[in-house]
Each structure stands twice: as C-alpha cells, then as structure tokens.
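Below is one structure. I have some questions about it.
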Amino acid sequence: MAKRDYYEILGVQKGADDKEIKRAYKRLAMKYHPDRTKGDKESEEKFKEINEAYEVLADKEKRAMYDQYGHAAFEQGGGAGGFGGFSGADFGDIFGDMFGDIFGGGRSRQRVVRGEDLRYDIEISLEEAVKSCKKDIQINTLVHCGTCHGSGAEAGSKIESCPTCHGAGRVRRQQSFFVTEQTCPHCHGTGKKIEKPCHTCHGEGRVHKTQNLTVTIPMGVDTGNQLRLAGKGAAGENGAPAGDLYVVIHVKKHHIFERDGNNLYCEVPISFTMAALGGEVEIPTLDGRLKVKIPAETQTGKLLRLRGKGITSRGYAGDLICEIVIETPIKLNEEQKELLRKLEESLEGKTLQRPKSSGFLDGVKKFFDNLGK
C-alpha cells in the first residue's frame, strides 16, 4: 500500500513554513492522541502517521530530502527514525504544550517544592472556647538545616546542576508515541549535584526538630474549627517556603451546658410547689449566676430564653435556653404524704386545674370512641 504524502497528512501546502507545520501537527495530534481516543485502533494508526509526517517535515534536512526524493529518501534503512527519540522534531516541547496538565507544564524547570502542611489537634474547655485564650503546643516538624542553611552542602562545597535533568529535577522519556515525565533518578528531584553533602542533614537541607508554639484561640470557636498558622508547617525543599500548620479545635463536653451553634442549652430543676405557685431560681450562665423568675403554673418542659446569654462569635451573641424540669419529691414522711393526699382530693374531678390531665383524658375518650365506630 502506497504511503500518503506527508504534506497531505498534515493538511498543509508544500511551501508551508515551520510555524504552519507545527500548528497543523498540534491540532491533529490533539485530536487523535490515544489518551483522547481510548483504544480506537484507527485513531492510533492516524496518530502514528501524523507523527511520522511531522518528524520528517519539522527537520530541515529530512524535509529537503523528502521534497527531492519523496518516500524513497527514507527506504532501505534510511527511515525517519522510528520514533525512538525526539530526533530533529521537538516532540517533548509540543506534548508539554498540549498536555501540560498531565506532564506538569511546558518545558521542564526546577520546581520549588513548598513544605508540607501539618495538623495539630487541640482539646479545650467550653469556658476557653467562649473567651479568647492562649495555648502552648509542641509540634514535631522539619526545619531548614542550621549548618548549611537549607542548601544541603558543606561550607565551600560546590553545588552544580544535575547533569541528567539539567537542574529541572524531572526528566522526560518518549516510548513509542507516549511522552512521560518522572522524577530525575540521579538527583531525586533536587535538580542539583552536591560535591560534599552537609554532615548534619546529609544533603537533605532539612532536619527534624520539636518546636514550641503559642496559639491564640479566638472567642467563639467550636469543634471542627481550624486555625491556620501560615509558614508554621514543615520547611520546603531546597530552601523553599514552609507549609502551614492547621490547629483543629475540639471542645470538651460540658457538665451543664450543651451547645448548638451560638446557643447554649441547659436543664433547670424546680420543685413541684414552685412550678405551681411560681418563684425565683438561680440559673448558671457563662458570666456567673443569674436569678430568674418562674411564673406560676409552669409545666415541665417549658423553655425560658435568656437573650444574649449564649456564646458570642463574630459579633453575634447567642441565647441561653433553659428547659424546666419539675422534680418529684422522694422519701416523704407520713405527714407530707397526708398533705399530698388532701391536695389530690381537693383537685379530684377539676381537670381545668390539671391541663395536661385534661388533654390526655380527652384524647383517651376520643380514641375509644373511634374504636367503637
């Protein structure tokens, strides 16, 4: 089967300049690249054909031979190169331009590797969460070596660009029509060759260290909130900037209050006599004790809302919501029991004086009436 004309394959005129040829190749390679066509055999063959045409037409000497002799110029062992290397055509540059998100950008260059971010979990009390406080913490991290100041080299030692990756820290390889990029195996991504590594960090430029920090906890924080301490993470490689430290807040469970956002909830026990007659009770708040009036005929479960007595966060103050719990007296003596019996007798049949009982009895009557229908 006769080979197609290389200019025809790329869709350009014979007099096309280098820019037109490169532009045409990029457009077609993008269209038929195996990563996009996913196993389409016909597209793979077209991709090979496009590569072969471009390798010849992008090389001035090969193009001149092709223009004069056609495909015969590369027969009998004088082929276009079999795509084993980049040859005269800069495939690496083109694939880097087209698939930068896959291969990490265009032409390789030494990368500044920022330090790792660190996490520290801290537990605080509700009282500490409500008001701003300071906490001392210890973290194990990586810092720039004090001996070599992060260079990884002994004083006076030569630092040269890695001869393999030329300082990029990464190398590209072409296999068939695939271009891959990986960490340089000789410099391990540093992009440099050190004549005499630092005796303290052994050429790493970083050492492990325990650091003491003081963290300011802002008022109103809650469990799950994170505080970001910029530049307090691990030191970067090759003198690069440090990462950040994230302090994650955990607020301990409180023995009185439960929290929901900026609101606080608590139960307030009162006697059944106070519930019936009314009175005054002391309620705990974050600012101390507060006397609150209990209205007469208060039922269990009633909520008292104390506005602005909750948690203040970002300028907004929540409420303290108190649920009334009526306590039943225990260990009564005979005199007390007799008084309660007399009270019960005095209320017999007077359901209006027992609203819960009235509602319950009405509901029971309706239930049985419906069953009998």
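Easy rule for this one: first residue shown is 1, then count along the chain.
From the backbone N, Cα and C atoms, a Cβ is placed for every residue, glycine too.
According to Swiss-Prot, the record shows the following:
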BINDING   C145, C148, C198, C201  Zn(2+) 1 binding site
BINDING   C162, C165, C184, C187  Zn(2+) 2 binding site
DOMAIN    5-70  domain 'J'
REPEAT    145-152  repeat 'CXXCXGXG motif'
REPEAT    162-169  repeat 'CXXCXGXG motif'
REPEAT    184-191  repeat 'CXXCXGXG motif'
REPEAT    198-205  repeat 'CXXCXGXG motif'
ZN_FING   132-210  zinc finger
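Walk me through where these features lie, including what they touch and how far apart they are.
In the three-state DSSP scheme, C148 (Zn(2+) 1 binding site) falls into the coil class. Note on C148 (Zn(2+) 1 binding site): other Cβ atoms within 10 Å of its Cβ, all shown chains, come to 24.
In the shown protein chains, 19 other C-beta atoms lie within 10 A of the C-beta of C184 (Zn(2+) 2 binding site). Under DSSP, C184 (Zn(2+) 2 binding site) is assigned to coil, being neither helix nor strand in the three-state scheme.
Taking Cβ pairs closer than 8 Å, the repeat 'CXXCXGXG motif' (145-152) reaches residues 159, 190, 192, 194, 197-201, 203-207, 235, 238-239 in its own chain, all 6 or more past its ends.
Assigned with DSSP, the residues of the repeat 'CXXCXGXG motif' (162-169) fall into helix, strand and coil as follows: 0 helix, 0 strand, 8 coil.
Mean predicted confidence for the repeat 'CXXCXGXG motif' (184-191): the pLDDT average there is 80.
Sequence-distant contacts of the repeat 'CXXCXGXG motif' (198-205) (same chain, six or more residues past either end, CB-CB distance under 8 Å): 144-148, 150-154, 237-239.
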Just the number: how many Å between the Cα atoms of C198 (Zn(2+) 1 binding site) and C187 (Zn(2+) 2 binding site)?
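With distance taken Cα to Cα, C187 (Zn(2+) 2 binding site) is 15 Å from C198 (Zn(2+) 1 binding site).
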Check each residue in the chain of C201 (Zn(2+) 1 binding site) that is at least six apart in sequence and keep those whose C-beta is under 8 Å from its C-beta; list them in sequence order.
C145, T147, C148, G152, V207
Taking the centroid of the Cβ atoms of C162, C165, C184, C187 (Zn(2+) 2 site), which other same-chain residues have Cβ within 8 Å of it?
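The surrounding set, listed in chain order, is S161, P163, T164, H166, G167, A168, G169, R170, V171, P185, H186, H188, G189, T190, G191, K192, K193.
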Taking the center of the Cβ atoms of C145, C148, C198, C201 at the recorded Zn(2+) 1 site, which other residues in this chain have a Cβ no more than 8 Å from that point?
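What remains near the Cβ centre is G146, T147, H149, G150, S151, G152, A153, P197, H199, T200, H202, G203, E204, G205, R206, V207.
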